[in-house]
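Encoded as structure tokens, the structure appears first; notes follow it.
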């Protein structure tokens, strides 16, 4: 499933462009720019499914590094600092990965 079937392609481009510079990523602003915060829980789960590249039911740190590529092939990789900050913000149970409920809570906060 392509992100553009869930989210507006122009919103995806604007959000990726806004965080094109290394160490500029802010997940709250990113999700807001995508319009994801206003989407249904079902749509948020669909986005999670796309980002869960190995279909494990979790977004692990290695997948998180490439999260912007999940929105568009030309998205940049997150820096290690951005990846760790994103993981810390979402991983509420401390297991080192992001489950669908944690992802949904992060998007909606």
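Cβ coordinates come from backbone N, Cα and C, glycine included.
Here TrEMBL flags 39-74 (among others) as domain 'EF-hand'. Long-range contacts of the domain 'EF-hand' (39-74) within its own chain (CB-CB distance under 8 A, at least 6 residues past either end) are made by residues 1-3, 6-7, 12-13, 15-16, 19, 25, 80, 83-84, 86-87, 96-100, 103-104, 107-108.
Taking a C-beta cut-off of under 8 angstroms and a sequence separation of 6 or more, residue 54 (Ca(2+) 1 binding site) has the following same-chain neighbours: 60, 63. Among the features that TrEMBL reports, Ca(2+) 1 binding site is placed at 52, 54, 56, 58, 63.
Residues or ranges marked as domain 'EF-hand' in TrEMBL: 78-109 (among others). Cβ atoms under 8 Å from those of the domain 'EF-hand' (78-109) belong to residues 22-23, 25, 27-28, 31, 36-37, 41, 44-45, 47-48, 51, 57-61, 64-68 of the same chain, restricted to positions at least 6 beyond its ends.
Taking Cβ-Cβ distances under 8 Å and a sequence separation of 6 or more, the neighbours of residue 91 (Ca(2+) 2 binding site) in its chain are 97, 98, 102. Among the features that TrEMBL reports, Ca(2+) 2 binding site is placed at 91, 93, 95, 97, 102.
DSSP states for the domain 'EF-hand' (39-74), grouped as helix (H, G, I), strand (E, B) and coil, give 21 helix, 3 strand, 12 coil. The binding-site residues 63, 93, 95 differ in how many other CB atoms lie within 10 Å of their CB, and the one with the most is 63.
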